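In TrEMBL this protein carries:
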- 2-119: domain 'Ig-like' (DOMAIN)
- 126-215: domain 'Ig-like' (DOMAIN)
- 221-246: transmembrane segment (TRANSMEM)
- 256-267: compositional bias 'Basic and acidic residues' (COMPBIAS)
- 256-327: region 'Disordered' (REGION)
- 271-307: compositional bias 'Polar residues' (COMPBIAS)
Amino acid sequence: TRSVSITSTEQSMFEKAQGEKVTLPCTFVLSEEDDGPLDIEWVLIPTDNQKKEQIIIMYTADRIYNNFYASVTGRMQFTNPDPKSGDGSLDILNLKSTDTGTYQCKVKKAPGVQSQKIQLIVLVKPARTKCSIEGPQEIGKDVILKCTSQEGSPLLSYDWRRVSGTQNLPATSIPNRNTGELLLKNASQDYSGTYHCVASNRVGTDECSVQLNVTPRKNTAGIIVGAIIGTLLGLSILAFLIFCCCKKHREKKYEKEVHHDIREDVPPPKSRSSTARSYIGSNRSSLGSMSPSNMEGYTKTPYSQVPSEDFERPPGQNPAFAPSKVAAPNLSRMGAVPVMIPAQSKDGSIV
């Protein structure tokens with residue numbers, strides 16, 4: 001019994017780069033015995049068997065339905081606007097890496113049913129490739145040139161070439177196409193120059209360059225000695241500053257202690273001369289108010305005797321106290337100036 005048959009079976013796998021366009025073929029031939037309605041479906045079969053198939057576009061009852069998933073809306077369409085003409089091929093625009101999978105085309109026209117599976121692999125071109133140098137760029141050292149692409153589907157391969165000088169890689173170089181490393185053993189100044197790396201996969205390439213400058217070895221011994229001397233000098237300066245701070249702190253502390261002892265342990269000296277002068281002044285005022293006859297008693301007191309500052313006055317005694325025999329203080333010890341006290345002679349005159 002004749003039925004519908006799919007004729008586009010020559011290619012079952014496609015590899016395309018991200019951002020490109022692909023057409024998955026699905027042409028068919030109808031049979032006169034198939035008199036039912038025509039249905040065409042494109043289904044995405046997930047790689048995970050636990051997930052269900054997803055209908056991404058279909059044609060049925062002379063109408064196209066392609067709004068099942070927002071992620072594919074506007075990017076997947078029938079190649080022929082009228083699929084019933086025998087062409088149910090699918091166009092996928094602006095490919096993404098998530099479009100990778102197995103697609104199945106189903107053509108139904110009762111009682112005939114046919115299907116075909118096509119595998120699509122969306123590859124990402126190498127991108128953001130960077131070149132770098134690892135290790136010291138010194139004569140006699142091993143230098144490693146690295147080339148790495150931040151984006152790109154496997155399998156990526158890396159090729160190095162020299163674009164300056166002899167344009168040939170050094171004889172001691174060891175390239176690794178899988179990792180992108182170029183080992184330069186026992187480097188010399190002749191190895192200096194510009195090196196170019198090309199990263200590639202099945203859908204594209206990307207490039208980067210690096211400049212290598214091999215220089216004589218540095219005097220590491222001198223650097224180490226200089227570092228040690230600098231460290232010791234810095235420690236010496238630090239120790240000197242700490243010593244000066246401590247010394248200054250001790251001096252300030254000693255000055256405060258000495259000043260505190262003077263104020264608390266040594267009371268200020270009393271002025272004896274002022275006491276003697278006040279006493280003498282009071283006697284002068286008393287003598288001035290007395291008559292010559294009343295001064296006879298004062299003549300009996302020796303001129304050199306003056307009441308000391310320790311003399312205690314009896315309670316209620318008049319400040320103009322009567323002369324008494326009191327030992328005169330040592331005026332020289334008190335720092336006072338001797339004063340002559342007037343007295344009356346026998347003939348009544350004041351001496």
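Numbering starts at 1 and runs along the chain as displayed.
Every residue, even glycine, has its Cβ placed from backbone N, Cα and C.
Annotations in TrEMBL come from automatic prediction, not curation.
Across the residues of the domain 'Ig-like' (2-119), the predicted structure has a mean pLDDT of 90. Per-class residue totals from DSSP over the domain 'Ig-like' (2-119), listed helix then strand then coil: 6 helix, 55 strand, 57 coil.
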